[in-house]
Amino acid sequence: GGSQPGSGEPQGSGWFRTFTIAAYKPYFDVDTSDIIDRLKESLFPFRGTFTEKTATNPDLYGPFWICTTLIFVAASIGTFVTYIAHKLKKKEWDYDINLVTWSAGVFYGYVTVVPLILYVILKYFSAPSGLVQLFCLYGYSLFVFIPALVSSLQMPGLLEISLK
């Protein structure tokens, strides 16, 4: 492999380029306004403008952080609920690290496996699609679950129970 002039980074060629950082830099080249705009678009899916706005510059930055945030919010809320349930029954409570592991498996699995399967199906039918575009679409689609999980703590009685 050679290197781009002035970059100071070796560039792979062919298949080996997949294993270089430079291959993924374009997918993380977004700024805050791009992310906020995409988050807003993901909240209104029926307008159909999300794919138009991300077609020229799909990113993996937003989907990665949305998934990561969702993992920790889901694990935290799950831990909180089990803690409250044990306290109400006056049982001893222990932290379960498996909640984080299961959350990571579910959310990262969803964001990788579903777009991969869809990509293969679309390629089979010769429909134009990009794999990174699908990762971007499915990653941002999970954003709505973050406020939904947080608002699940607002259920009547749950906060009253937790404050006793």
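Positions of Cβ are set from backbone N, Cα and C atoms, glycine also.
Just so you know, TrEMBL annotations never went through curation; they're auto-generated.
What TrEMBL records for 47-153 is domain 'Yip1'. TrEMBL lists 63-85, 97-125, 131-150 with the feature transmembrane segment.
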Contacting positions for the transmembrane segment (97-125) when only residues 6+ beyond its ends and CB under 8 Å are counted: 63, 67, 70-72, 74-75, 78-79, 131, 134-135, 137-139, 142
Chain residues outside the transmembrane segment (131-150) and at least six past its termini with a C-beta under 8 angstroms from it: 27, 38-39, 41-43, 45, 50-51, 54-55, 58-60, 62-64, 66-67, 69-70, 73-74, 77, 107, 110-112, 114-116, 118-119
Helix-strand-coil residue split for the domain 'Yip1' (47-153), DSSP-based: 84 helix, 0 strand, 23 coil
